[in-house]
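Here's what TrEMBL has on this protein:
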- 7-28: transmembrane segment (TRANSMEM)
- 40-60: transmembrane segment (TRANSMEM)
- 81-105: transmembrane segment (TRANSMEM)
- 121-142: transmembrane segment (TRANSMEM)
- 154-174: transmembrane segment (TRANSMEM)
- 186-204: transmembrane segment (TRANSMEM)
- 224-247: transmembrane segment (TRANSMEM)
- 275-301: transmembrane segment (TRANSMEM)
- 321-340: transmembrane segment (TRANSMEM)
- 346-367: transmembrane segment (TRANSMEM)
- 379-402: transmembrane segment (TRANSMEM)
- 408-429: transmembrane segment (TRANSMEM)
């Protein structure tokens, strides 16, 4: 029952979250000047559109829900699909939840510490509290979660409109001095562009969300590509305009020194009503955290049902009809990520892991052109597009490692590969002793949480 307008709203609503309020600083820090910064934002939008078009072909060719999981399963078999669900459950989904809640905490605490950074303890406690509240809301009631989502999406669009309109008014008044010599002092190298793209693409994350609901689209062969071709460029225009608005009132140096970019913008432009900005940004980030929690619960649940994860994770609450164990598991892991993490390092790990699988999935599209010719392809993208996306994802994964190697990337790869051990022991061979240990635990958790298969 999802039509074209709802499809576009779903894309715009899912993508615009905390990213545009957090990433401008990191993108600018990596490229060093206004010109390359705006170019990076536009290029990320183009890449997201191309990636989403490849996913549109996959989604109409293999009409199963669950994002990349069924596509990897069809193209390469169960092992890459298992590694994807393993990495999603333990790295990418919880770390994205943690990043969003940390950015919520930065904006929520900024007004109480004018002119200086809030203490890390304060932001981490606030972020943990946000995770607990969202996890509770989503475990208790599906209806409450979706009402909250609708209200917060509206709030998000209000703040985006306020920032863009203020920026256009300031440009019309001639505030253009920060755009002169906009490529001067830029620091561009392969690694800095890679890291700038990581932060920019984090703000576009969610471009593949329509593939999670392919089965629910009206006339998907028309509406899926149309929603993508209209929705993502719309977000790109919003993002570039928001960045231009920031630069009308801040020089590059001021933007880099600002603790919360949108709050600084509000203080300079909307005074005395500047409290509006942090309030609405807080709504926006909580909205995207709530949405992330809502969908990730579904992924854990699907993997549990396939026998790729603990059975108890695919159980549902008797009274409340929510996938409570999946959501609680997910919240608990997100809290662990908050303890050591600051936002930028978390974004780098997250993007690194995510782009390995985006690249693999789109490589699967190219492979299936040759191995699965019999499959119907109602949408067929020119083969050049998936080739470009695969090459870009290879560069994005390798550039930061080659130019600025950190142990963290090695840990990330080792962690993904450690999924192989889990797969061989528990999925392939299904050892008896594992069953003996897990059955009493599952039973006690069932009684405690009141959940059933």
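Don't overthink the numbers, they just go from 1 along the chain as shown.
Glycine residues also receive a Cβ, built from the backbone N, Cα and C atoms like all the rest.
Automatic, uncurated: that is what TrEMBL annotation is.
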Have the transmembrane segment (379-402) and the transmembrane segment (81-105) got at least three CB pairs under 8 Å, pairs 6 or more apart in sequence? no
Region pair the transmembrane segment (275-301) / the transmembrane segment (321-340), three or more CB pairs under 8 Å: yes
Given a Cβ distance threshold of under 8 angstroms, which distant residues of the chain, six or more beyond its ends, lie next to the transmembrane segment (40-60)? 15, 27, 31, 71, 193, 196-197, 200-201, 203-204, 207-208, 210-211, 214, 220-221, 224-225, 228-229, 232-233, 235-236, 239-240, 243, 358, 361-362, 364-365, 377-381, 385-386, 388-389, 392
Within this structure, do the transmembrane segment (121-142) and the transmembrane segment (408-429) have 3 or more Cβ pairs under 8 angstroms, counting pairs 6 or more apart in sequence? no
Beyond the flanks of the transmembrane segment (121-142) by at least 6 residues, Cβ under 8 Å: 97-98, 101-102, 104-106, 108-109, 148, 286, 289-290, 293-294, 297, 317, 320-322, 324, 327-328, 330-331, 334-335, 338-339
Can you find at least 3 Cβ pairs under 8 Å between the transmembrane segment (7-28) and the transmembrane segment (186-204), where each pair is 6 or more residues apart in sequence? yes
